Amino acid sequence: MTADQMAPDDRRIGAAAVAVQDTRQDKIVTICVSAALALFAFAVLYPLVYVLSASLSDPSNVVSGEVWLWPVGFSLDAYKAIFDYRSILTGFGNSVVYAIGGALLATALTLLAGFPLSRKGLPGKGLIMALFVFTMMFNGGLIPTYLVVEQLHMLNTRWAMIVPGALAVWNVIITRTYFQVSIPEELHEAATMDGCSDFGFFWRVVLPLSKPIIAVNLLFYAVGQWNSWFNGLIYLTNEHLFPLQLMLRQILIQNKIDASGIQDAAELLRRKELQQQLKFSLIVIAAIPPLLIYPFVQKHFVKGAMIGSLKG
């Protein structure tokens, strides 16, 4: 049979395959899946859009419930008022320090813990890993942890916001898996034969090849530190050390307005009218840093998270 004689049969097979793909059931499934995804996207995006619109609307329109999707009576008064509160600016600066310092320290500890656990020759590796996993299911409790922080003289210090959460076991597991998949034992053996020490191999070979997992850890820890407020609530009493999230909590839950720097009664009344709008604008400001950071680490983040959590 020649190629010309086979061509019509091939076309019929291709047409049949297309017909199978375009069945009514497939179309119904596609429509249902698309509708479900659209509904999910709406449920995720609408609160963000509403908060942003409310923060840019006139305070009276926000209080009256006129804001649904777009800003009504465009106004930046809430954002202007925010920067008049020194406590909020202080909290923002503190959160930046905690996020950067905590992410760097935690990432360093995670890499130093994950790499040895990924090597086959580590004595007692199974026991060490079991002890790590044990802490994921059981912990010492709030009061013992508080006593440890107190005895280490970290109360009312920045270390109280950084050290207690400086290592996440789940991140160690992901990092260990990444090293097992991406850094073969043969590479370590070759470096050892060339006279490279274990630390030299880690510093000169492992770290340059581990940018994806480093980005994953930095992002996880930075976002966790940025959103952290419970440690500040427990360990800090000095308001000059409070993170932004604790300032946000005071406004959102306690409805606290700092009137100490306002002498004019009319200005104080105006600030109280802005209170509802301040809640939304503070949420927007608190969400901006993670949203700005993620696009720069997205490439490495996806690769590192996939390799570290799914393979091995």
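Any Cβ shown, glycine's included, is placed from N, Cα and C.
Note: TrEMBL annotation is automatic and uncurated.
Per TrEMBL, domain 'ABC transmembrane type-1' is recorded for 92-297.
The transmembrane segment annotation in TrEMBL covers 28-49 (among others). Among residues of the same chain six or more beyond the transmembrane segment (28-49), those with a C-beta under 8 A of the stretch's C-beta atoms are 69, 287.
Counting only same-chain residues 6+ beyond the ends of the transmembrane segment (96-115), those with a CB under 8 A from a CB of the stretch are 132, 158, 161-163, 165-168, 171-176, 178-179, 183, 202, 206-207, 210, 213-214, 217-218, 221-226, 228, 243, 289. Sequence annotations record features per position, and here TrEMBL assigns transmembrane segment to 96-115 (among others).
Taken from TrEMBL, the feature transmembrane segment applies to 127-147 (among others).
The feature transmembrane segment is assigned by TrEMBL to 159-179 (among others).
Positions annotated as transmembrane segment by TrEMBL: 278-297 (among others).
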